[in-house]
Amino acid sequence: TTPVYKWQKSWQNLIYLIYLMCFFFLFLSLPEDDVDLEALVNDMNSSFESLYTSCSVQTESTPLLHNGQPHRSATYQTQAQPTSPHQRLRRSQPMHILAVRRLQEEEQQYRTSSLPAIPNPFPELCSPASSPTLSSGSLPQCQPSGKYIIKIFSEDGMGKVVEIPADMTARDLCQFLVYKNHCVDDNSWALVEHHPALGLERCLEDHELVVQVQASMTSESKFLFRKNYAKYEFFKNPLSFFPEQMVAWCQETNGTIPPSQLLQNFLNSSSCPEIQGYLYVKEMSRKSWKKLYVFLRRSGLYFSTKGTSKEPRHLQLLADLEDSNVFTVITGRKLHNAPTDFEFCIKPNKVRNEVKELRMLCAEDEQSRTCWMTAFRLFKYGILLYQNYKIPQQRKTLLSHFSAPVRSVSENSLVAMDFSGRTGRVIDNPVEAQSAAMEEGHAWRKRSQRMNILGSPSPLHPSSLSGVIHRTQLWFHGRISREESHKMIHQQGRVDGMFLLRDSQSNPKAFVLTMCHHQKIKHFQILPCEEDGQMFLSLDDAATKFTDLIQLVEFYMLNRGVLPCKLKHPCTTVAL
């Protein structure tokens, strides 16, 4: 061979080595899912063939000369290598990546072509170019069509499993449970997020998606279905929730807030209200507490490092409102060694079971704790809370055909009927129905007194039923302790007029009326008294006497009497 041919051969080997190194590094840089070894090797071989073909074409167009004559070996090489159009169109690196991905896409389409397309429950998460259907491998088997399994518990610990869509809100789920359990829909039912391991719970807002909340909960956490009369009570009586000494108005004029515009300042995003006061703050990863002067603003919760100073250089951030929720601590002060009983907690959404990441706070009294927690909700959700309170949301497709929830006998709300004529009729007028019920009640009591005087051997006559008929009412809870009654009223919202009745533990013949007024729980003993041989019940030393507890409750729901306020909201429990 001639020296010119040797130089050309070494140059081709060098190009071959360079291409081999390029494909090697490309193989290492590609993800594991995008590599097809067989396609890669075939493409390398075709690239090498294309390389030699291009070299041969170049040799043919520019023949090498040796002593002024064409070189024979170069001519032989030109004839030996094929020069088809298919090989001329081959390229190196960019071509094989697209080819491998195209093969994988065709293979994936072939695999899923025989399977039915499953609608994507989250189409907004997909890119516009992607398909709104999910493959069989990417969707969990327990949630095949956008439906989710939720388990709800009642106060007695019994649970109920329901299947809900992904876009169902807490209000929609409460409406569904109200209908299924034949409860009266008085817009006071709530879904509670309960964490027994952390000792925390909170009521979900009506607009929150239940599926999203469940995704941030642990396996030990659960949902509770119960009453919450205080959910929107601050819209009705804001002054009792926001004491004047805790509300500061941060405008340039530094003017005072009129009572009529207190809520407007909280709901208006352009205003800058803040809640200020002393709080006990638990140090992270420690058991000690510090009393700090704290400010709650729309941007977050801050504390002052220098007394009550509001200067920015003296303020440090305690918690952010955007990615956190406020919870009530239900485990008591002994677990965290709290200085008072009025604990609450700010829990970041990313925290699941880590107690060290919780921001534990403690107020001086119940009114202060309620003020801090209510202001947290207003600053975070703003006008959404007012819309939830004022404008009832439209029911979803699941409940659209239900005009009104069916009431049950357990709610003591049967349909009023008039049988005075030949045929009975339903009384549609609520005023007429209420007057008919009152007349029926008075007539029943008159028959009871008359039968008591005459005597009756039957065990089912009205005089014997009057002593036990109250046990069918939802506001009567039997032999529960004083502490249990406090817990029930606290869980369902300490609003004025909330009440329940229970058996007295000190006197077996007496009863106790437990009610709430100004966020304080009070107890009134109902004692039996005898007059003209007949037994009555009274809670004001026989000044006002009643034949049974139902008559007593009906009277004090219309008249305050010796009570601090009228009875308004019965403390009830529902079994799912």
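Using N, Cα and C of the backbone, Cβ positions are placed for all residues, glycine too.
Some features that TrEMBL has for this protein:
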type	residues	note
TRANSMEM	14-30	transmembrane segment
DOMAIN	146-230	domain 'Ras-associating'
DOMAIN	272-381	domain 'PH'
DOMAIN	475-571	domain 'SH2'
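Counting residues per DSSP class in helix, strand and coil order gives 26 helix, 45 strand, 39 coil for the domain 'PH' (272-381). Here the domain 'SH2' (475-571) is broken down by DSSP into helix, strand and coil counts: 20 helix, 34 strand, 43 coil. Confidence for the domain 'PH' (272-381), expressed as mean pLDDT, is 90.
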